[in-house]
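Asks: Encoded as structure tokens, here's the structure I'll be asking about.
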Amino acid sequence: MELLTTGEADIRRAADGIKAGLLVAFPTETVYGLGADAFNQVALARVFAAKGRPRFDPLIIHIASLETLDRLADLSALTPLMREKAAALMARFWPGPLTLILPKKPEVPDLATSGLPSVAVRCPDHPAALELIRLSTGAVAAPSANPFGRLSPTKAEHVRDQLGDRVDFILDGGRTSVGVESTVLDLSGGSSPAAAAPVPRILRPGGLSREAIEAVIGPVEFLAPGFSASEAAGISDPTAFTPGQSGPVSPGQLKSHYAPITPLVLYSPEAMASLAYSPGELFIFFSPKSRDSWLAVQNRTFPKDLIWTLSDSGSTLDGAANLFDLLHKLDRLEAAYIRVEAAPPYELGPAINDRLSRASTL
Ligand code: TXA
Ligand code: MG
């Protein structure tokens, strides 16, 4: 593995690598991706092997311009209304943290889509990623650059530490800005009953909020995944979660995902407020406000580095940006448990809570 910068010459080397079938980890605005030529079956197989990812979990294909979309997706297979919504979303949010599931062109390798009739496409909002895509093959398949089931990388060193020599190049673009993966929105109607009019459906909450999407195309469906772990941990806040619903999921939306090694438990704000501290544990409050009210009722002080906050500003955008880096960091402290307060249920809160509930061990 060779570490590269995001300078022009290094991006060119990485792009040549992709053309030659190599694997290149690169920064996007969400998380680092593990990139390969989307039309090279051998390179795609190496992506699955490097991550230890099951082949039934399809990849997102990254593009740098709308012209490439034509090689991947068959927009004519959409209803006129859905086609209009797709165009409106691309115009408004690309480049950006939105992945669209669209009917696929037959030429797209089955390995990239796991044999599904649809393809996931996104245009990342990051200059180095766009340049890498442009200078290579124009279509770069890239899952998040972490071993299957583990924490996503928001820094080059997270990729190096977790994948090391299983990748050929890592482009170091510093810390990613959004911090959680793209929102995956299904426009293909794939999961609707044949008779029903297809409705856009969020398969994975992510870096683009539901509110932002609905402001452009109207109502979308989003069924939060089951929160059995949270329920077991006593979460009862109906505003933070929709317990017990197991909606249609993206093939990769497995319960045990995004997991640190240290056992992690997710709590509603109410449950967290009344939680008692036990030695060897780490607490992550969402904001200084909830941390301080909890501290105010403890009859003791705490040594440094036991009590954390996800967002010092209390905004869900900051919370998302900090999420994986904080979990990577705390995972190294070998605590008995990490106990985390859920984010509020708006903006990027649902994406944060989705990742935390999948990381939850109970
Ligand atoms: O922000 C992101 O999306 C990052 C960066 C690198 O772009 N990528 C990423 O890829 O998160 P990955 O592979 O970790 O997640 C892709 C998600 C999975 O949940 C997968 O199941 C879903 O997209 N997906 C891909 N193709 C699909 C399809 N045809 N239908 C439904 N879901 C699909
Ligand atoms: Mg991933």
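Every residue, even glycine, has its Cβ placed from backbone N, Cα and C.
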Asks: Which candidate from Arg83, Arg122, Arg160, Arg201 does TrEMBL annotate alongside Thr30, His62, Ala142, Ser182 at the L-threonine binding site?
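Replies: Among the candidates, TrEMBL records only Arg122 at this L-threonine site.
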Asks: Out of Ser136, Ser152, which is the one TrEMBL records at the ATP site of Arg53, Ser144, Arg204, Tyr258?
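Replies: That ATP site, as TrEMBL gives it, pairs Arg53, Ser144, Arg204, Tyr258 with Ser152.
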Asks: With the Cβ under 6 Å from ligand 1 as the test, give me the qualifying entries from the binding-site residues Thr30, Ala142, Ser182, Tyr258.
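Replies: Cβ under 6 Å from ligand 1: Thr30, Ala142, Ser182.
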Asks: Using the Cβ centroid of Thr30, His62, Arg122, Ala142, Ser182 as the reference point for the L-threonine site, which residues of the same chain not in that list have Cβ within 8 Å?
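Replies: Nearby residues not in the site list: Thr28, Gly33, Ile60, Pro97, Thr99, Pro124, Ala129, Glu181.
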Asks: Of the binding-site residues Thr30, His62, Ser144, Tyr258, which ones put their CB under 6 Å from ligand 2?
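Replies: With ligand 2 as the reference and 6 Å as the Cβ limit, the list reads Ser144.
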Asks: Largest pairwise Cα distance, Å, within the listed ATP binders Arg53, Ser144, Ser152, Arg204, Tyr258?
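Replies: Comparing all Cα pairs, the maximum is 18 Å.
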Asks: Under 8 Å between C-beta atoms and at least six apart in sequence, can you list the same-chain neighbours of Ser182 (L-threonine binding site), or say none if there are none?
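Replies: Residues satisfying the criterion: Thr30, Ile60, Pro97, Leu98, Thr99, Arg122, Arg204, Gly206, Gly207, Leu208.
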